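The topological domain 'Periplasmic' feature in Swiss-Prot is assigned to 24-41, 96-104, 179-190, 247-257, 312-324. Residues annotated as topological domain 'Cytoplasmic' in Swiss-Prot: 63-74, 126-157, 212-225, 279-290, 346-350. Feature annotation from Swiss-Prot assigns transmembrane segment to 3-23, 42-62, 75-95, 105-125, 158-178, 191-211, 226-246, 258-278, 291-311, 325-345; the stated evidence is sequence analysis.
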Amino acid sequence: MNIYIGWLFKLIPLIMGLICIALGGFVLESSGQSEYFVAGHVLISLAAICLALFTTAFIIISQLTRGVNTFYNTLFPIIGYAGSIITMIWGWALLAGNDVMADEFVAGHVIFGVGMIAACVSTVAASSGHFLLIPKNAAGSKSDGTPVQAYSSLIGNCLIAVPVLLTLLGFIWSITLLRSADITPHYVAGHVLLGLTAICACLIGLVATIVHQTRNTFSTKEHWLWCYWVIFLGSITVLQGIYVLVSSDASARLAPGIILICLGMICYSIFSKVWLLALVWRRTCSLANRIPMIPVFTCLFCLFLASFLAEMAQTDMGYFIPSRVLVGLGAVCFTLFSIVSILEAGSAKK
């Protein structure tokens, strides 16, 4: 990979993170209304995902340009995990007060969910520490065995366990909230947290794919399994969002319904990464360099929809939160474009 292109792909996640923080701060300073509180806090929290994606980009690009660096393989996942833990603590702090307001309740749950995603993405960074083994293993055969440089089976299973456990936590928590969906804050927080949990579940497939390909244990059975898994979760999340929008006339349905649809777009962006790794595993795919266009389209979908919603929010404040949050989700999708491009450069056969 060209060193200048490498730096561009490293900078994209940081720039997108700064945009989320800047827009979130601007929204918070604009008004003290509850809609501004929720949108501003959620936007700022999305920077944690961008930070985690930056650590992933840095680790892989460094290997492509300079080879494996043990120090980077340790430092950058720690940075990503630190950002995710801080985000989860921030979300929990909003929920820990004695008299939690509705806006704090919703924002706290969403921010905690964003922190969970950041932790899963940081696990992608941690599992990518020996990314160069993937094209090497793909050029060989399963009979070659596990390379001595690869993670042990125990470490690999521990890495996969991180998104699995966070997915279970998010699913149980969101279902608990939805059991009292007659309470509006529970209804909103439960649906959005369930969508965030779907993203964590998608990242199970990505981490498992990277770990198994690195260890040369990527089986024929799971070759397309994770692709189906991620596309299924993305589609279910989009359908859930549509259901929320059409199942009621209450304005409270607008934010979770619209945001769920765009969380599905993030799932599709993750699908592009899982699909790419599956396509180039022990085969040649002439269209592999087109796959990075998927997160570009999902990014544009989020941003264009946000622009329409911003106009609608002038007359109906129910559209205000999604019109702002979707900008941050679009930034995350564009950050995923840089990651998919890096994976394509590192793993596709030219």
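Every residue gets a Cβ built from N, Cα and C, even glycine.
Per-residue confidence over the topological domain 'Periplasmic' (312-324) averages 94 (mean pLDDT, predicted model).
In terms of C-beta pairs under 8 Å, the stretch of 158-178, 226-246, 291-311, 325-345 lying closest in packing to the transmembrane segment (42-62) is 325-345. Recorded stretches compared: 158-178, 258-278, 291-311; the one with the most Cβ pairs under 8 Å to the transmembrane segment (325-345) is 291-311. Three or more CB pairs closer than 8 A are found between the transmembrane segment (258-278) and the transmembrane segment (191-211), so contact between the two stretches is assigned (pairs 6 or more residues apart). Each residue in the topological domain 'Cytoplasmic' (279-290) gets a DSSP state, and the totals come to 4 helix, 0 strand, 8 coil. Long-range neighbours of the transmembrane segment (291-311) within the same chain, counting only residues 6 or more positions beyond its ends whose Cβ lies under 8 Å from a Cβ of the stretch, are 258, 262, 265-266, 268-269, 271-272, 275-276, 279, 319, 322-324, 326-327, 329-331, 333-334, 336-337, 340-341, 344.
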